[in-house]
Each structure stands twice: as structure tokens, then as C-alpha cells.
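Enquirer: After the C-alpha cells below, expect a handful of questions from me.
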Amino acid sequence: MKWTEVTVSTSNEAVEAVANILMEAGASGVKIDDALDYQNLKPDRYGEIIDLATIPHVTSGAKISAYYPETVFVPEVIPTIKQRVSQLTDFGLNPAPNEVSMTALSDEDWATAWKKYYHPVRVTRYLTIVPSWEQYQPVQSGELVLRLDPGQAFGTGTHPTTKLCLQALETVINGGEHLIDVGTGSGVLSIAAKAMGVGAVEAYDLDDVAVASAQTNLDLNPVAKDVHVAANDLLAGIDTQADIIVANILAEIIIPLVPQARQNLKRGGYFIASGIIDDKFQVVMTTIKEAGFQITQHTQMGDWHGIVAYLPTAED
């Protein structure tokens, strides 16, 4: 089979949104080459095991390559891709330079093209994300290994917003909690939460493709075999009392989620949010505070912010 590689040059902040657009246009998989990821993966960070000198990568911005089968007439979908990427400015994301190129590939090229960019990566003190096809053994006591298939979009755990959420989860999980993952994408946060000892996990995403991607990754991790994953619009129609709610989604979507999170969170519980770019941080923080939460932690990685908010008990 012949394949077509479509590559979009964009900004670091627009990476995951662009990847999602490419998947929705019919891609069978994506490859993300983000300069910011490599800046955050210096050899001395968390004992990183990647030798950057051996990996070809961009030094600024990002390139997302998507792979389309011959059943997709790519010249017809490229204008739509360009238009949708340009419209990301409506969500506070700058997708520039938004340059699109197209290359014909053989089946063999497609099968291996993106794998050279994906290696075991230590993303927190205790978590290492490993591609599904690689053999890997923990190198330190207490290390938790998560396996992901990066052939789908929705993140591989190395994006700054995902790291912020993972680091936050390490600070609030004690074991046995009930957690809700809103906008689960790849399912990486749900898998990590189970590995850290959470009891029950509900994972939701509006996109059916994301739900399928998450289920694929859940199946790769026996610890997450009982995670409930389903399509849903944020927490609309959900009526539960969770100990932790985590959302790695854009700020514009976090804002309407806040009252839903407040309704579905136990007193004494935590709301973790990331996906918040610099110029949206203050409005998100204000919205969370006005809903009755206390901000207990604010973290930042590059232009991205993470928030941990606590819902006080009557005794607090």
C-alpha cells in the first residue's frame, strides 16, 4: 500500500491540537517532533535515558507528520487542514507558521518512519513511558512503567501539560481514591493514576477516536484493566462524588468544566487542571477560586501552567 505523509510546521503550543486535526482528517497515525520536548529532556533531568545526539529533531517550533492511506485523496483534505489549523487562533493558540508539505511513502517507510522518534522517557520522579514495542526494565526502585502506543494522536505523555498533570497526581494520590479523567485523550493520566494506586477511574472524552485510542493504551497496561472509558461531553450528565478530578484540556474548556467539577468532587478532594497557556492563566485561576476552591499548587513548564485546587471541608 502507498501512503502519503503530510507534515505541518507549527508552534509548540499548538502541537496536540494540530495532531488531533490531522487525525480527524483521516490519518492512520501521527509523528510529533516538538523542540520543547527535547529541551525538557536534557540528559541530567530525572536521570533521562535518551541520547539526544542520536535522535534527529527540530530545534525550534514543532513538526507534526500524519500518515494517510491511499484511500484518502490528500490534495483534497489539505485545504481543510490548513483552514482548521488557522482557526486555532479562536482558541487562544498561535499555530504559526502553519506550513504544510506532502510526501509519498511506501508501506515500509510508513511502518517505521515515526518509531525512531519515540523512546522510553522518564516524565516524573517515578514514571517512565515506554513505547509498546520496546523491551524495558525499571532502572530504580519504585519506578512505574507505563506502556503507550504512539501511533494514535492525543499525546504520548511528554507534552509539558501532561507532565504537569502527572507531577500533580504524584503529590495528591495516597491510594484507593476515586478519580475522573476529563478529556482523557491517550489515557495516559488514567493509566498513571492506577499505577500510583488509585482505586476507581472514570475516563471521558468527547472524541470517539480518543476513546478508542485510550482503550488501546489501557489494554497495554494490566494495572488499568478496570478503568471505565467512554465518550462524554466533559462531565455533562455525570453524577458522582470523586476524590480527584484531572483535566488536561484547553483553558477555554476548563472554564465551563469548573462548576461541573465542583459538583462531582467530594469535599476535601482535588481538582487538577493543565493545558493553560500564559495569557489564559489568570482567568482560569479566578474561575476556580470563585467556584469555592483553594489553589494549593501552581506549576509552570515553558508557556504552560498547571493548577492543583482543593475543595475545602466544613472543618477547614
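Placement of Cβ uses the backbone N, Cα and C atoms for every residue, glycine included.
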Enquirer: Pick the one from Asp205, Asp207, Asp208, Asp226 that Swiss-Prot also lists for the S-adenosyl-L-methionine site with Thr162, Gly183, Asn248.
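Expert: For the S-adenosyl-L-methionine site that includes Thr162, Gly183, Asn248, Swiss-Prot also lists Asp205.
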Enquirer: I'd like to know which of these binding-site residues, Thr162, Gly183, Asp205, Asn248, is least surrounded, judged by other CB atoms within 10 A.
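Expert: Counting other Cβ atoms within 10 Å of each of the binding-site residues Thr162, Gly183, Asp205, Asn248 gives the minimum at Gly183.
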Enquirer: Greatest CA-CA distance (Å) over the residues Thr162, Gly183, Asp205, Asn248 that the record ties to S-adenosyl-L-methionine?
Expert: 15
